[in-house]
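Engineer: This is the structure I want to talk about, given as structure tokens.
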Amino acid sequence: MGVITGSTRLLGVIGHPIEHSLSPLMHNAALQAMAQGQGAWTSLESSQSILSHVYLPLAVAPTHLKVAVDGLAALGWVGFNITIPHKQTIVPLLSEVTPLAKAVGAVNTVWRTAQGWTGTNTDVQGFLAPLLTQNRDWSGVEATILGSGGAARAVIVGCAKLGCANIRVIGRDRTKLTQLQASFAGAAVPMAIPIKTSTWDRLSHHLPSTELLVNTTPLGLSPHSENTPLTDEQIQQLPPTALVYDLIYTPDPTRLMQQAQAWGLDSLSGLEMLIQQGAAALEIWLQDPPPVAVMRQAAQAFLR
Ligand code: NAP
């Protein structure tokens, strides 16, 4: 176990609710390993290392967000993650937002500067990390994204960064799809991304040309793990080289991933995205790469 001293600095995650968050587990495992790696022993008998940072879960109701964020500044916190429902509402409370977070339209990582709080979004980096280890050129491929909510926005920016030729979002609400499309178009946006949109009844039409299929809906999320966004017949419409990427990580594999595997397709779960977005945040705060393997091991052990 690590030891908290007067010099231990504070990190955390703000959400409401926050009990489900895996971030405290992953981050504290990494901080512990980093402290041990630095060999700062408090006593030879206890073999305990001094923690330079700890990471705490903070349940903050929407009405208390501003006072909480002001309080963290007064208390000298280094930074924090932001999760549902605060990813958009945090923005006016920040002195600076990175162009990437502006493009996504949401902030998940905040750090303190002399001017105040700066926010960015590490979900894009998290989404991209497992794709970039695939030894495959994603530029020019067609990506189909199921769902049009918050996670879909990070996936759209990620697909644009990969250079995907066609980025199509499948949603159930035409008005929301039109608004989403508009929010990525025009000169005023930090990153103009031409996306196409379709409703679910048109999905089968697009599957034969889809090389990257990303599920950003909660269909298949535990405890409703019998659910899946695609029928077996639809899975079989995908080309044999297609990759099926489910952002859900409980269960792992999801029913969608099992369908893909049964048809001989490659698949990815959302666990690596979760780990890598966390690792990217930790690197911002510590200015040092964290032990990603330790974070992965902690998350996998907990989920098992
Ligand atoms: P969100 O903002 O609520 O968006 C969910 C999207 O799914 C919406 O477009 C919604 O459509 C659609 N949807 C919901 N139920 C549906 C159904 N029965 N049929 C068709 N579409 C449906 O949620 P989010 O924050 O984007 O998160 C979505 C999923 O991604 C969650 O399962 C979450 O756990 C996962 N996620 C994973 C990571 C990771 O690190 N791996 C990160 C973020 C999110 P409407 O707009 O029409 O309601």
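Glycine is treated like the rest: Cβ placed from N, Cα and C.
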Engineer: Looking at TrEMBL, which one out of Leu128, Leu238, Leu243, Leu247 binds NADP(+) in the same site as Gly147, Ser148, Gly149, Gly150, Ala151, Gly270?
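Structural biologist: NADP(+) site check in TrEMBL: besides Gly147, Ser148, Gly149, Gly150, Ala151, Gly270, the record includes Leu247 out of Leu128, Leu238, Leu243, Leu247.
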Engineer: Between the Cα atoms of Ser23 (shikimate binding site) and Gly270 (NADP(+) binding site), what distance do you get, rounded to the nearest Å?
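Structural biologist: Pair distance, Cα basis, whole Å: 14 Å.
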Engineer: Centre the Cβ atoms of Ser21, Leu22, Ser23, Thr83, Asn108, Asp123, Tyr249, Gln277, go out 8 Å, and tell me which other residues of that chain have a Cβ in range of the shikimate site.
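Structural biologist: Result: Val13, Asn81, Leu274, Gly278.
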Engineer: Quick one: of Ser23, Asn108, which of the binding-site residues has the smallest count of other CB atoms within 10 A?
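Structural biologist: Each of the binding-site residues Ser23, Asn108 was scored by Cβ atoms within 10 Å; lowest is Ser23.
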Engineer: List, by number or range, the same-chain residues at least 6 past the domain 'SDH C-terminal' (270-300) whose CB is under 8 A from its CB atoms?
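Structural biologist: Residues 11, 22-23, 25-27, 29-31, 33-34, 37, 52-53, 78-79, 81, 108-109, 111, 120, 122-123, 125-127, 129-130, 245-249, 252 contact the domain 'SDH C-terminal' (270-300) from elsewhere in the chain.
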Engineer: Measure from the Cβ of Thr83 (shikimate binding site) and count the other Cβ atoms within 10 Å, all protein chains considered.
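Structural biologist: Excluding its own Cβ, Thr83 (shikimate binding site) sees 17 Cβ atoms within 10 Å.
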